[in-house]
Structures are given as C-alpha cells and as structure tokens.
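Working notes for the structure below.
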Amino acid sequence: MTEYVLSAVGVKGLDARLEAVGLLDPAMEAAGRAVAAELLRRVPAGARPLALLAGPGANGGDALVAARHLLAVGQPVMVLAAVPKHELAQRNLGRLRAVGGKVEELSAPAVTALPPAAAWADGLLGTGLRGPLRGELAEVVEALNTRTAQAQEPVLAIDLPSGLEADRITCPALWVRADWTLALSAYKPVHLFGAAAAACGDLSLDTLALPLAWTARQASAVRPADAELGRVLPHRRADAHKGDAGRVWVIGGSVGLEGAPAMTGVGALRTGAGLVTLHSVAEVPLVTPELMRTRHDSLNDWLAHESARPDALALGMGLGAQAPALARQVLAWKRPSVLDADALQPELSGLGHAGVIWTPHPGEAARMLEVAVSEVTADSLGSAAALQQRYGGVVVLKGGPSVVAWAGGLSVSRGGHPGMASAGMGDTLAGVLAALLAAGLPTEQAAQVGVRLHARAGERAAQRHGYGLGASDVAAELGRAWADLSAPSG
Ligand SMILES: NC(=O)C1=CN([C@@H]2O[C@H](COP(=O)(O)OP(=O)(O)OC[C@H]3O[C@@H](n4cnc5c(N)ncnc54)[C@H](OP(=O)(O)O)[C@@H]3O)[C@@H](O)[C@H]2O)[C@@H](O)CC1
Ligand SMILES: Nc1ncnc2c1ncn2[C@@H]1O[C@H](COP(=O)(O)OP(=O)(O)O)[C@@H](O)[C@H]1O
C-alpha cells in the first residue's frame, strides 16, 4: 500500500476535515487502540504494569485511549496525565475513569516515583509541539529519560518522541529517548530523515483506517510500496533481441577517474540494457567483457559530429570540468538522459526537458541551488522540489532515503542500507536509471522504480558484506532485487 508523508500543517488539515464530519473521535480511538496493540506486541506479557504518560493535547488523548484498551484485556497500567486542554483528551480521561482506570497527576517526581514498569508509552506531545520543550513537560521528560535509562525500561513514542518536531530532522537538547515509535496516520519528515529518524528508534506506522484519499490530499510526498513499483518494471517479450532491450551510452571518466563510467555501465547491464557503450577520453577498465568501450580524443568533437543516438544516456560520472558543456550538447538531443556528478552544475539551470533525470547527492544539490549543504539536508523534500523547479525534468536527491521530485509531486524511497554510503554507489544508480529509460519507462517512473531497485539491491548485498559494501556488490544483486520487486512478499 502507498504510504504518505505529512507535514505538521498537513496533519492539521487532515484533523480539520475529520473533525468537520465527526471522525476525529474515532481516529483517536483507532490511534489509542493501535498504541495498545503495539505495546502488547512489543512487551512480553508479564506481571509488571505498563506506564502511560498523557500530555495536555490529542497526543495525550491517544495515551488515555490506549490505557483503556489495555485495561480491557486485563493488562495492568499506571497512568500519569496532565490537565487536558484538548476536548477529546478530556473526554477520554472521563472514559478511562469510567471503566475503573486510575489516573495520577503528571509531574517529574511522579515519573521518578512510579513502581517498575514493563515499558512506557510517551503520549506527552506529538505534532502540536512548537519549539524546545518548556515548563513542567521539560522536567517530566528529563525525569523519564533518567529513569528509563537507569532501569532499562523501554519507551514507545506515540506518533513521535516528545520534544522532536514533526517537520524537523535535527534533535534539540531535550527529547524523549524512545526505543520504538508508532507513527500515526502517516509518516512525518521527523520519522524519515536525519538524526531525528534515528532518534525515533524502531519505527512502525498505523494509518488509523482513515480515508486514504484524505491523507493523500494533505500529503507532501508519497512512499510507494514495492508491489506498486514492481508493476511498472518493463516486461520483455519472449522474442526480444538486444536492440529491443535498449541501447545505453555512458559518457564519463577522465584520468584518475576511469572506474566511474565502468560502474555506470555495469549498473545499466545488470538492469537489462541490451547494448551498453562507454565513451570516454580515458582508458576505462574492462570490468566486464559485455561492455563496449570507445575512447575519444575529444568528446566535444565526437558529440558535435555524431549522428547516431542511443535510447538513453548517462553523462557526468568522473567526467571533470568539460561535463556542463557536453551536457548542453546532449540536452539539445532531447533523448532520455541521466545527468550525474560533474554534469550537475548551476549553469545548466532551466535546461532539463521531460526525459531528463538529475541525480545529485546533497553536496551536488547544494551547488546546484547555491546554498549550504546543511540547508539541503534540513529539508530534503523542499530541496528536491526546488531543484526540480529550477532545473526541470525529474530530480533524484540521493541519500538515505532518496527523494524523487517531478512536476506533479514528490516521492520518498524505502530501504537501502548505510553501507551504501561508499564511492561508486551513485555511478551504479545512474546506470540503473539509464537502462530503465532506455527500456521506455516514463521518466518519473524510471526514477522511482530505479531508486528502489538500487536500494533493494543494496539491502541484499549488505546481508553479505555489511558496511564493506561495494558498488559492484550492489550491481551483482540488481537481478534478484528486480525479482523481489516483481513478486514482493508483503
Ligand atoms: N490525523 C492524525 O494524525 C491524528 C493524530 N492524533 C494525535 O494528535 C496529536 C497532535 O495533537 P495536538 O495537535 O493536540 O498536539 P499535541 O502534540 O498533543 O501538543 C499540544 C500541546 O502541546 C503544548 N505544547 C506545544 N509546544 C510545547 C512546548 N514546546 N513545550 C511544552 N508544551 C508544548 C501545547 O500547549 P499550548 O501551546 O497550547 O500552550 C498543547 O497543549 C498527534 O501527534 C497524534 O498523537 C490522533 O489523536 C487523531 C488523528
Ligand atoms: N545511509 C544510506 N542509506 C541508504 N542509501 C544510501 C545511504 N547512503 C548512500 N546511499 C545511496 O548510495 C548512493 C550514493 O550516491 P553518491 O553519493 O552519488 O555516490 P558516488 O558519488 O560515490 O557514486 C545513493 O543512491 C544513495 O541514495
């Protein structure tokens, strides 16, 4: 199923719509039930009670609903709650008391004094938090962190760890040290990017059975499922010949950077390209005999006089300073193209056409947008959208996770592995994307499925190589990754 990414504003919009039709109460009920189920799933049944903390807003309301559902199945609970400010939190405090739930006043000393707990649920603050934690809630969080660290009691964050902000990917001075997070209705940027994503611990999602179209309308990005992506992968007829399978040109390499285009070529071959030719001024190593290599004295002269055209090309990997001028020439061909590495330059702004995929990592994206790298990473979604608007075509802003931007929207990739942070990984991706373009996939589909294929191959290769993962190891897994997407297990 497609998952969505909501900003704090998107959550508010969704809440307003639910409230208008009387569905906010059922949504909170679904949230609390999901929290209870998550706790029961993660914590082995035992004699110790579960401790739940409820803040003043709807996040606290979720904790109060969860406590009621836990009591209903005979699980003992200890509940500390702030005075509710949200009407539904107030109502659910009443409902909890009505079924015999005991609730004590929330304070830092109360957190410290509570008897041993099997686990804690943090319902102090969710998407409504603004700025650093203040007042009594700051003291409560400090007491909780100290106690749970000392007693080794695990913590489940409801929606997001209190103290983190939904749209921010950095961690402030103080936040709840969560072991697990249950995201509600949709992911927020905090769950997916940067240090904040790591601070969420082991992440799961419950969509609260909300109308998917409503969530989609408020979403800033989609997170497609493997099954959806697998459906767009090209199928080859039984009588296909190599010309049908796509001719890819790889234009890159220079003295000292001869390996980059070779890795792109292997990426294209392993993604099914029928004929892959490497064009370079350098002596590109023959990493596999299936690759064809043509050495040129001047790529500029060659391109100026070349009348043949590939089905798709990838340009820029290890190419050096001449890359933007060469990119201008191939952009004028209006052929499906992947522009990577040295071709990712501000002077090409506005030149992208519908068949182009730009593939910057955050450093290259910063150069293209003429901002600091930290500005790019602070807002991957916004940066990818800005790049797309400025450069045209489709943008893959690479990272863990990567973001794909096209004229109509944004998509966040799943999976991958930190071992993929190694040289040559992006070169391989450029080849994957070029092969999918050469097979005739529409640009935005090629970008989304190609990024996921590469990430899936990385996951597989990491099982064997861990952090010692190399780009060639990933390329070797592309075939099995393709099979995984074509027949996903879940
Ligand atoms: N559609 C969905 O996804 C659904 C989401 N649901 C749930 O709703 C949650 C969002 O609830 P929410 O909007 O009531 O906000 P919430 O996080 O409880 O905080 C509000 C309180 O925080 C306070 N406060 C703010 N900043 C502070 C600070 N720095 N330091 C200290 N206090 C601070 C603020 O105080 P005030 O500024 O008003 O004085 C106010 O009292 C969401 O995360 C999910 O769990 C489900 O129930 C239903 C469907
Ligand atoms: N931590 C990570 N998790 C998942 N994927 C990652 C991670 N780090 C890097 N990658 C992926 O590896 C590739 C690295 O690309 P890039 O930085 O251009 O490498 P290079 O320039 O060395 O070829 C990208 O596709 C990126 O999405």
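Using N, Cα and C of the backbone, Cβ positions are placed for all residues, glycine too.
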Further K(+) ligand in TrEMBL, beside Asn59, Asp122, within candidate set Ser107, Ser162: Ser162
Matching residue for the AMP site, where TrEMBL names Lys398, Gly399, Gly400, Pro401, Ser402 - out of Gly419, Gly424, Gly426, Gly431: Gly426
Candidate nearest Gly400 (AMP binding site) in space, where candidates are the binding-site residues Ala58, Gly61, Arg130, Ser162 and distance is Cα-Cα: Ser162
Residue with minimal Cβ packing [other Cβ atoms within 10 Å] among the binding-site residues His361, Lys398: His361
In sequence order, those binding-site residues of Ser162, Pro401, Ser402 whose CB lies under 6 Å from ligand 1: none
Integer Cα-Cα distance in angstrom, Ala58 ((6S)-NADPHX binding site) to Asp122 (K(+) binding site): 12
Largest tally of Cβ atoms lying within 10 Å of a Cβ, found at which of the binding-site residues Gly399, Gly400, Pro401, Gly426: Gly426
Entries of Gly61, Thr127, Asp159, Ser162, His361 which, being binding-site residues, have CA atoms within 10 angstroms of Gly399 (AMP binding site): His361
